[in-house]
Amino acid sequence: MELLLICFSFWILHCNPANADSIIHIGAIFEENAVKDDEIFQLAISDLSLNDDILQSEKITHSVKLIEPNNPFQAVQEACELMNQGILALVTSTGCAAASALQSLTDAMHIPHLFIQRNGDGGPRTACQLNPSPDGESYTLAARPPVRINDVLLTLISEFGWQKFIIFYESDYDIRGLQTFMDQASRLGLDVSLQRVDRNISRVFTDLFNTMRTEELNRYRDTLRRAVLLMSPRGAQVFIHQAVETNLASKDSHWVYANEEVSDADIMELIHSSLGRMTIIRQVFPLWRDTNARCMRNNHRISSLLCDPQEGYLQSLEVSNLYLYDSVLMLATAFYRKLEDRKWHSMASLNCMRKSTKPWNGGWSMLDTIQKGRISGLTGFMDFRAEGSNSHVQFEILGTSYSETFAKDVKRLASWDSTRGLNGSLKENRIESGMEGVTLKIVTLLEEPFVMVAENILGQPKRYKGFSIDVLDGLAKILGFKYDIYQVGDGKYGSALPNGSWNGMIGELIGKRADLAVSAITITPERESVVDFSKRYLDYSVGILMRKSEEKINIFSLLAPFDLAVWACIAAAIPVVGIMIFLLRRIQAVRCHSNTGHPPPPTSTSLQSAIWIVYGAFVQQGSDSILGSVALRIVMGSWWLFTLIVCSSYTANLAAYLTVSRMDNAVRSFQDLSKQVDLAYGTVRDSAVYEYFHAKGTNPLEQDSTFAELWKVVNKNNGFDNSVSSPSEGIKKDFGAAGKRRSRHPETKMVAKERPL
């Protein structure tokens with residue numbers, strides 16, 4: 001369709017003999033990589049040619065030149081060639097460098113120049129620093145509004161009450177665009193840090209862990225709790241993913257992503273990648289959704305490709321493409337006014353290379369007509385009454401709240417426009433009054449330590465206490481309401497029945513028998529579809545409660561650190577060393593008698609005493625023996641060293657053995673639980689875990705058989721054999737039945753608290 005449309009436009013504007021003597025000719029310069037710019041420009045000319053309401057019998061002819069990106073010299077050359085042909089105005093969609101060069105040329109030649117700033121890399125746009133005109137008369141009009149992201153950011157920061165935050169920007173982002181923002185933040189006393197992010201984002205986080213110590217990483221993680229991302233959508237997605245993977249992002253973090261051009265698909269990717277709260281700023285054009293206006297703008301019919309979102313073509317366009325279309329419409333409106341006022345100035349052929357060439361004498365009149373015009377196009381209102389630029393711009397602010405579930409949804413929080421500023425409030429609303437004197441009926445379910453029965457006075461209503469009751473009392477004090485609390489009759493949290501109704505506390509709420517449910521109830525997608533939950537305020541995971549194993553007393557456990565072979569070797573070593581000591585002492589006594597003729601000292605030289613000396617050394621009790629010879633000293637010294645090593649090894653192994661025996665547990669995960677057959681287990685019937693096991697265990701697409709085995713045991717005899725009706729019953733059954741251990745997960749999410757599955 002696009003190709004046929006372009007060919008049709010080309011035939012009308014170039015091949016139709018009726019247009020040969022057209023008095024309206026405009027030039028256009030686009031970058032080679034901006035294919036959509038040329039398409040939209042041709043489409044705009046085609047739409048004007050098919051409409052007689054604006055230019056009546058006159059038709060617009062045009063010439064298009066393509067240049068290399070960021071090539072100011074080529075841009076000036078092509079513009080000179082267009083001026084030599086004779087043009088009434090020049091429309092360009094380029095970068096800042098080419099725009100600055102073209103500004104100087106069009107100011108010198110008095111050719112009206114409608115400039116649309118392009119941003120081809122997808123990152124946030126920074127303002128072009130155009131040169132001021134020497135005579136104060138600038139012929140360059142900025143069709144795309146000036147960059148206002150900084151103003152929106154500053155408003156958001158003030159609304160959020162941030163005092164300290166960090167701004168991440170990509171390496172190709174022009175940091176000069178933040179100068180005004182930094183100056184304003186400094187005057188407000190804000191602590192703002194800047195950090196550039198290289199293209200290799202994963203290396204950025206790797207370098208952080210390699211260069212920072214633990215204390216520095218903790219401080220850096222705290223800094224990341226409040227951050228602003230000035231990146232392309234793809235770069236922001238990778239950055240957020242890396243921050244979550246490296247555990248630098250936290251659930252209480254709040255990040256702001258600012259970019260004029262970000263699609264709905266990119267927004268959903270950013271929201272689901274983030275861990276905490278995410279706020280997104282992007283430019284919007286509200287007239288797109290105006291079904292009454294549809295495809296009519298100022299008596300001009302726009303092609304359905306551009307005005308009907310259902311066509312799908314509109315979503316593929318960049319913001320600069322839309323401003324390009326409106327720029328052509330703005331020129332056509334100005335041409336109509338000139339023709340109507342009969343103040344037309346003929347086109348002139350201008351030679352840029354000649355010094356004697358005079359500017360176009362009709363340039364100022366044409367520029368004045370364009371500046372006084374005003375249209376309503378694809379981008380909303382467009383005029384150039386604010387210092388030669390189109391000032392009309394609107395942003396929408398999207399985001400989520402803290403502690404969203406994985407099924408996150410994006411909400412429109414507020415809007416910002418150049419006329420009124422922020423429309424709406426980003427501050428969290430607190431209900432301070434409005435429930436004074438109201439008595440709520442509250443249903444609950446007992447579960448320690450969240451809801452428990454307090455000591456009751458005879459004849460008085462039953463009183464409750466616990467963590468959840470403290471929260472309820474706090475809310476009642478703030479909002480001023482009173483409440484009557486009662487226990488649910490069937491003792492269930494709430495699950496869907498085959499007939500579509502609900503039991504338990506959820507059923508009480510649906511049946512409007514209760515206004516509020518307070519207990520340790522889990523938030524599940526099924527329950528969220530029928531009742532509203534508050535934000536969770538407590539979070540912990542599924543646990544397995546098991547009966548503590550009985551410790552068996554074994555008098556031989558002291559022998560466990562060494563194998564039987566080691567003990568046998570030790571037992572054999574004692575008499576062997578004893579015999580050696582006995583023989584050496586005998587030899588010493590004989591030598592002493594033969595050399596001196598005197599009898600040996602009165603020490604025992606029997607075999608029993610030698611073995612006793614060796615045993616005493618082994619148990620570190622010492623002996624009263626006299627070791628006179630060198631040989632005896634060598635043998636006993638070696639034996640003492642051996643004894644030291646054996647005793648040290650025994651002490652260490654005994655401590656390790658006793659510790660490991662206390663930590664020994666055959667069941668550490670659901671996989672372990674499903675594989676063993678000795679222990680019976682169950683959970684609370686009709687609880688979130690019970691339904692979770694049911695959904696996972698009966699799912700034919702589930703590849704892991706763990707949950708199928710778990711569900712088979714948990715649901716034995718419809719759950720009456722192994723499962724229980726309440727957590728307290730499960731604890732009693734667990735401790736009352738010897739040898740049986742049960743998986744326990746009482747409902748742990750309440751109108752405020754969750755134990756995620």
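Using the three backbone atoms N, Cα and C, a Cβ is placed for every residue, glycine included.
Residues annotated as L-glutamate binding site in TrEMBL: Thr522, Arg527. For 745-757, the entry in TrEMBL reads compositional bias 'Basic and acidic residues'. Here TrEMBL flags Cys80-Cys352 as disulfide bond. The domain 'Ionotropic glutamate receptor L-glutamate and glycine-binding' annotation in TrEMBL covers 449-511. Residues annotated as signal peptide in TrEMBL: 1-20. Residues or ranges marked as transmembrane segment by TrEMBL: 564-584, 639-660.
Taking only the Cα positions, the spacing between Cys352 (disulfide bond) and Arg527 (L-glutamate binding site) is 74 angstrom. For the domain 'Ionotropic glutamate receptor L-glutamate and glycine-binding' (449-511), the model gives a mean pLDDT of 84. Counting residues per DSSP class in helix, strand and coil order gives 20 helix, 13 strand, 30 coil for the domain 'Ionotropic glutamate receptor L-glutamate and glycine-binding' (449-511).
All chains included, 25 other C-beta atoms sit within 10 angstroms of the C-beta of Thr522 (L-glutamate binding site). The two recorded residues, Cys80 (disulfide bond) and Arg527 (L-glutamate binding site), have Cα atoms 69 Å apart.
For Arg527 (L-glutamate binding site), the same-chain residues that are 6 or more apart in sequence and have a Cβ closer than 8 Å to its Cβ are Gly494, Ile506, Ile521, Phe533. Cβ contacts within 10 Å of Cys80 (disulfide bond), excluding its own Cβ and spanning all protein chains shown: 15. Around Cys352 (disulfide bond), a 10 Å sphere centred on its CB holds 16 further CB atoms from the protein chains shown.
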